[in-house]
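What Swiss-Prot records for this protein:
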- C36-C60: disulfide bond (DISULFID)
- 36-60: motif 'Twin CX3C motif' (MOTIF)
- C40-C56: disulfide bond (DISULFID)
Amino acid sequence: MDRRLSKKEEERIVNELNKLQMIEMVDTSVNLTNKCFQSCITNFRIRKLDDEEQLCVYKCVEKNMFFTSALNNHFMKLSNEGMF
């Protein structure tokens, strides 16, 4: 029995996957913000970040973006090899 999805079902699934992907991206962004804030921001007496805090936040975000990119590349490689 050939059970293919109709065009409408396919569109619905793609839309749901896109929504889930957006939610995941927002969650990742919020988690990264919280992680870097907790790791880097130490002085709450002044409104602006000092130079040390700014550098820490920059390095924290850069490190996490590099890791995420490397992880995505690895998953793409596995997917292209048919392993994922």
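Just so you know, glycine gets a Cβ as well, placed from its N, Cα and C.
Features per Swiss-Prot, on structure.
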residue : record         : CB count, 10 Å
C36     : disulfide bond : 19
C40     : disulfide bond : 18
C56     : disulfide bond : 17
C60     : disulfide bond : 18
Any idea what the Cα distance is from C60 (disulfide bond) over to C40 (disulfide bond), rounded to a whole Å?
8
Going by DSSP, is C60 (disulfide bond) sitting in a helix, a strand, or coil?
helix
How big is the gap, in Å, between the Cα of C36 (disulfide bond) and that of C56 (disulfide bond), rounded to a whole number?
8
